[in-house]
Amino acid sequence: MEDFVRQCFNPMIVELAEKAMKEYGEDPKIETNKFAAICTHLEVCFMYSDFHFIDERGESIIVESGDPNALLKHRFEIMEGRDRTMAWTVVNSICNTTGVEKPKFLPDLYDYKENRFIEIGVTRREVHIYYLEKANKIKSEKTHIHIFSFTGEEMATKADYTLDEESRARIKTRLFTIRQEMASRGLWDSFVSPKEAKRQLKKDLKSQELCAGLPTKVSHRTSPALKTLEPMWMDSSRTAALRASFLKCQKK
């Protein structure tokens with residue numbers, strides 16, 4: 001699993017995941033499933049914010065390329081991936097500036113358009129079960145929850161999915177591809193619980209149908225918001241590999 005993670009994810013994401021685990025005294029070489037889960041969660045958070053800006057009129061827009069001097073503000077502030085001290089500093093700054101209630105737990109993102117913190121979840125189980133666990137832990141109506149699964153399912157607070165359908169489909173496609181690549185290496189069953197692995201086998205046909213319904217359009221350009229990170233999903237060689245894997249999935 002460790003080799004898979006280092007091959008599958010952008011080195012910057014791998015480095016951030018390693019730092020996060022070491023901060024809690026965990027070893028990526030031993031707790032490899034957690035290592036993979038953290039990398040996946042980081043990538044989803046970055047993909048969630050990618051391309052989304054607020055223009056000078058306060059409107060939310062999607063920009064893949066354009067005038068670098070345009071008066072655009074990133075729609076999302078990312079806390080996930082920062083060390084805890086810096087992340088809380090960002091949260092406190094947002095709360096002081098906007099008047100939004102400070103969350104009890106460290107959130108993943110802040111949405112400047114909707115003026116709310118967002119908790120992102122990526123689950124190997126049923127989305128509604130994981131959603132309820134998150135909601136029970138957070139115990140705050142102020143923090144928006146958005147859960148994704150590896151089978152293309154999602155669930156969000158009050159069915160408000162924040163992003164446009166194409167942006168969410170890009171995330172779902174990536175998660176499904178990660179699952180397919182794990183399965184091809186015999187790693188998927190160990191990534192989920194034994195009970196869940198059996199249930200997932202029964203859902204294979206349904207999952208393939210979901211895969212066939214997802215868009216294949218993938219941008220080769222790097223978002224201005226993430227040029228310093230150069231995320232894996234915008235890397236041309238990896239994008240080509242993802243598309244090839246995805247098209248193969250469609251033909252099954």
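Even glycines carry a Cβ here, placed using N, Cα and C.
Since this is a predicted model, take the numbers as computed values, not measurements.
Swiss-Prot annotations:
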type	residues	note
ACT_SITE	Glu80	active site
ACT_SITE	Asp108	active site
SITE	Lys195	site 'Important for efficient shutoff activity and nuclear localization'
SITE	Lys198	site 'Important for efficient shutoff activity and nuclear localization'
SITE	Arg199	site 'Important for efficient shutoff activity and nuclear localization'
SITE	Lys202	site 'Important for efficient shutoff activity'
SITE	Lys203	site 'Important for efficient shutoff activity'
SITE	Lys206	site 'Important for efficient shutoff activity'
Whole-number Å distance separating the Cα atoms of Asp108 (active site) and Glu80 (active site) is 5
In all the protein chains shown, the tally of other Cβ atoms within 10 Å of the Cβ of Glu80 (active site) is 22
Tell me whether Glu80 (active site) sits in a helix, a strand or coil according to DSSP.
-> coil
